[in-house]
Structures are given as C-alpha cells and as structure tokens.
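The following features are taken from TrEMBL:
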{"type": "REPEAT", "residues": "63-96", "note": "repeat 'TPR'"}
{"type": "DOMAIN", "residues": "200-354", "note": "domain 'Aspartyl/asparaginy/proline hydroxylase'"}
Amino acid sequence: MRSNEMLQQAINTYDEVVSLPNVPSDLIKLSLKREADRQQFLGRMRGSLVTLQKLVQLFPGETSFKNDLGVGYLLIGDNSNAKKVYEEVLSLAPNDGFAKVHYGFILKAENKIAESIPYLQEGLESGDPGTDDGRFYFHLGDALQRMGDKEAYKWYELGYQRGHFASVWQRSLYNVKGLKAQPWWTARETGYTELVKSLEKNWKLIRDEGLAVMDKKRSLFLPEDENLREKGDWSQFTLWQQGRKNENACKSVPKTCALLEGFPEATGCRRGQIKYSIMHPGTHVWPHTGPTNCRLRMHLGLVVPKEGCRIRCAQENRDWEEGKVLIFDDSFEHEVWQDAESYRLIFIVDVWHPELTAQQRRTLPAI
C-alpha cells in the first residue's frame, strides 16, 4: 500500500513481539530481522543497528546475525566496529565467506591492499550467500592490479559473466542499461558540439583564470582524495559537484563559471563534476573505473608539456593538446602517466550521457 505510516506500525509491532511472554525463538529472530530490514528501507540506519545489536545479544551463537550487524555498521560508515564484528565471526567460523568478503573490503578501504586479497578471493570462491556482489569483484580486481597481478582480469571476466559489469573493461556499478558504450567519443557523437566549441574557443580564458588561482591561493587546489594515485602529486579545484555550483570557488574564476552556465548537460550533471586538475611530474594514477555509465568526461588541455603525459582508456592511449577537448567514458578502465619535466593543467567537464532522457536526468540520484 506504499504507506510509510503502515510501515512504521509494522516496525513497532515487530518490536512488541520480542517483549511478549513465551514467544518461540524462531519468531523473535524473524521479527527482529524483518524490523531491521524495514528500518533500513526507511533509511533509519541507526535504529536498524540497535535492532541488529539486540539480535546478536539474544542469539550470540548465530554468526549470520553478527554478519548482518557488520553490514549495519558499514551502512553508517563505522568501519572500525564492522571490522571488529567480522574478526569475531572469523574467529568463530574461519570459513565464513560472507565475513571474509566484508573483512577484505574493509582492509582494502584501509589501504591494506595485499592483506585484503586473500579474504576477498576466498570469500568469493566460497559461493556463500551474499558474496556474489559486484563490489567484491571490483575491489579484488583493483587490489590485484595494484599488486601488479594479471589475475585481476580473470576476476573482472568472472564479474562480467555473473552480470555485475557491462564488460571486462567497463566496470562501473551504478548504471542505466542499454546506453551506448565505447571508451572514446567525438564531439559529434555526443551531440554536445556547442559546449566543445565554447571550451575550445575560450580555452585561454579558462587557463588564465585557473593559473591565477594556482598563483594566489594554491590551497584552493585540494589533493585528489580517492586513493587513485600510486605516486606523485595531483590536485583539483572543483567548481560544480553533483550538479551543485560551488559559489565560493566560482568567485575566483567568474568568467569560466559564467561560460558554463549556458550548458545544463554539464552544470546539471548530478553524477559528475566540473573542475581544474593539476598533475605534477612523477605522478602515476592506478588503472581505475568511474562509478557510473551515466556520464561522459571531457578533458580540455590548458597547460600540456610537449611529451611525457598520456592517458589510456580501455586499450587505447591518447595525448592531451592545449586548447583541444578529449572525450572519454570514464566507466571504462583508464590510467594516467605524468612523466614530463613540468606540471600539466587540464579542465574537466562531466556531462550527462547523451542517450539519457530528460526524465532520467531529473530523477537519477546523485553520485
């Protein structure tokens, strides 16, 4: 009946079951599990956590409830308590695949790359319920790649076969099915020719405003924070994030922001960003995949050293050129090398995938 009021009544009733006399333990388990599930459905993660804690207290010997509690902690971003829960599960049940994949996932989030691999791998190989999830294939492959292990592609292939990835190369997890998929795009193919023309025509203006920010307020450029660098120095200055304009940032580059206002495919792209990106010599960005197939990424070259800078998307390398736009789909695996003598400055503009409908652009949740 799609009524939140009724759902709340159900949650209250599940809760009451536990305090009734002589309730069979199976009914208590079912009631509390359903209560926690419905609380999560309503976005009440902390309430759900309390319910899951109650389940674990009442039935301390059941590892499946501890596993659910670990997920409850992960849902509120409390990785350290989730980690303790999975350590406890693995001490009681060393072969629990569900606990293994989640424990490996947490280790990788802590940047303990080598340590995470056996947990993720053994957890996936167990085939236990709840382990066949695209995120675990994604993170196991990524960890193996960072260790220089070509086995990564075996797991990407398996993830693709299980239906988690669009292809071995295109491994985004937040997708709209059926969108045209190719690593590199031309301006004409995107249909956003006016935006590309405008960026290329005004590239010096965009460059000069960016350089002025670099000169005056280097602190406005923040280090890349997604743990994508193997080594080096890579910073970004963001103007739009998830379709929201950063008014403060735009005060420093007013002409650039004014120029973009006329292109809602970029400023309204809630699954992307618009930003300056500076990369210093000696930087290598790990092979990685963006989160969604719903956007394309434009790179406008602003300050590009003559040689030593390149980007690979899928199996093809390209070079940046000053005043020219490169367009690629960052849901495909890509990698960047900066081995030049001086810094590289580009301007990044994400746009909605051209095949998304107006309705989809309005309703897709932000990333």
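Here the Cβ of each residue, glycine as well, is placed from N, Cα and C on the backbone.
TrEMBL: automatically predicted annotations, no manual curation.
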- Note on the structure: Taken over the repeat 'TPR' (63-96), the predicted model's pLDDT averages 97
- Item | the repeat 'TPR' (63-96), counted residue by residue under DSSP: helix, strand, coil | 27 helix, 0 strand, 7 coil
